[in-house]
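TrEMBL has this to say about the protein:
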| type | residues | note |
| --- | --- | --- |
| DOMAIN | B:72-264 | domain 'ABC transmembrane type-1' |
| TRANSMEM | B:15-37 | transmembrane segment |
| TRANSMEM | B:78-98 | transmembrane segment |
| TRANSMEM | B:110-133 | transmembrane segment |
| TRANSMEM | B:140-161 | transmembrane segment |
| TRANSMEM | B:187-207 | transmembrane segment |
| TRANSMEM | B:241-264 | transmembrane segment |
Amino acid sequence: MSLAADRASRSLRLTALTKEFATFTAVRSLDLEVPAGSFFALLGPSGCGKTTTLRMVAGLEVPTSGSIHLGDDEITYEKPYRRPVNTVFQNYALFPHLDIHENVAFGLRRRKVKDVDRQVKEMLALVELESQAKKKPPQMSGGQQQRVALARALINRPEVLLLDEPLGALDLKLRRAMQIELKRIQTEVGLTFVHVTHDQEEAMTMADTIAVMNGGVIEQMGSPAELYENPRTTFVANFLGQSNLIAGSVASAEGDVVRVDMHGNQVSIPAERAHARSGEGWVGIRPEKVLLAPAGEPIDAPGNHLTGGIVTDVSFVGVSTQYLVQMPWGQELMAFEQNTGRRAVLAKGTKVDVSWRPEFSFLLPASQDVNAGVLEEA
Amino acid sequence: MTGLQRAGRWIGEHLVLALGLLVMVYMFVPIAVVMLMSFNDNSKSRNVYAFQDFTWSNWAHPCRPNGMCDAVVRSIEIGLLATLVATILGSLAAFALVRHDFVGRSAANTVIFLPMASPEIVMGSSLLALFVASGFGGRLGFVTIFIAHVMFCLSFVIVTVKARLTGLDENLEQAAMDLYASEWTTFWRVTFPLVFPGVAAAALLSFSLSFDDFIITNLNAGQTVTFPMFVWGVAQRGIPMQVNVVGTVMFLISMFLVLGNMLATRKKVAA
């Protein structure tokens, strides 16, 4: 079923969008373009301005300055009921006095669309709730309510569908199932989805493009793999997955390799992943890219070979083993190793050598806070 | 197990039920008496407080006592009118107090409770002083009673509707607007249906407060006689049995409303 077939989708463009509240600035001069038909995620910790951004697009919040365009039409100050944008609210906001059928039909009835009943039935079929049409929202489970909220928004064939932490209230298992479901529906209907979440795994699972927001600005935008493999800021490096960030200073930057002196070790970093070209910096490496071997044994990786590590902590988590390795300069590095059975789990206190492939490391400016975006496991 | 123990256990198990039944009896005996007395034929005796003979005549001729039906009609008129005005004004005030932030809002929230908290005799007499001082002294009657009733009903309406509004999720209205409903449509399709139970409860409460009021009414009525005033007046000489007929009818109407509401709610939940 192609819902958007009767209307060409247009891209959503935010220009210098700013929202100031009495005591703080929620969104600072945000520029953003969401291509038509994409699944776009705004990812960030609570209070980063992502929901405020979404509410401005929906028309539920008036921007202090800046503009919002849909294609060539400006909708910055348009009333919420005059924009082809629908929202799936965080708490679903289903109308408790209407049954499921009427909840889903609400938008169509307001626009005086014909054959409402047929469309509602089709939409309820899409979210697999045909048999529940006569129920009232409070009689349904969280997952079902979530699907009703989705159907109620989708049936209007909005050019942009906004999802405000739509899975936040569901338990982990249901959330995973709904992530796959949402992605399937988005592919099926081909609409533009803008999804706000603080769950980096959720954003990476579903979105084509992620914009990582922090303190009212976008830190970095790109595909999940791009953001994960080549973060441009310490915030992104820490918020999206985990990172080892090691202090170092640039020794040379020639051609496509930047060499960094890191506590007496020379490591090389590809130029396109080096976001500092001189002076001090943070050498970054993802824990699963860090390879370990008992001291003196060969490691299957060229270059960036460090010696003198001691295993200080071992956590066995089934698919992998997570090590903390104390380096000669005192810092503890994280190393995640797949449990392939190639080698026995290293015991605490083992002396190890550490290595990684140079192409996996990245370099960030030392001016950035090394702890930005580190989560207290939410 | 001895018989005594067994009896003790039986009492323990049924004590709550027994007490509950006793409370029900306590609450309903007066009403039962009113119903019974409405069939009392006291034509052969001057004692109006004892059941003599059964008769239908009180029900057949409810308006026989002089002026009683006029008083009932007047009370209903005042009740309906005061309810209408107090419900509309009070609901609007409740919206303002819940939805808008203005200077003096918290003060207003406190002041609202004053009419509920102050003794009726104080309100009634000060209202009378106000009417007399402003030149209505010679014209006390229907209008002054109506004004007085709106005044004391307002507080109850505001408090009732406010409670309902506070519990209303504002996201619902935003969702409606997001789904192409204008402000006007949003109000009538979402806000009003959700607040309506509160408004209806406030209206019922207003009517029964107004219909029932004696103290404030008596002070501001002039020559006008409402039903409570009529009963008070005739009580000196012996209450005519028809008063019990009116009481029974009023009770049945409220029972009917409560049961209707209960059935409607149950139907909604079952659907």
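In case you wondered, yes, glycine gets a Cβ from its N, Cα and C as well.
Where the annotation comes from TrEMBL, it is an automatic prediction and has not been curated.
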Examine the transmembrane segment (B:78-98) against the transmembrane segment (B:241-264) and state whether at least 3 Cβ pairs sit under 8 A, considering only residue pairs 6 or more apart. no
Looking only at the recorded stretches B:15-37, B:140-161, B:187-207, B:241-264, which one has the largest tally of CB-CB distances under 8 Å to the transmembrane segment (B:110-133)? B:140-161
Under 8 Å between C-beta atoms and at least six residues away from its ends: which parts of the chain pack against the transmembrane segment (B:15-37)? 51, 241, 244, 247-248, 251
Give residue numbers and ranges for long-range contacts of the transmembrane segment (B:187-207): same chain, 6 or more residues beyond its ends, CB-CB under 8 A. 79-80, 82-83, 86-87, 90-91, 153, 156-157, 160-161, 163-165, 168, 172-173, 176, 181, 257
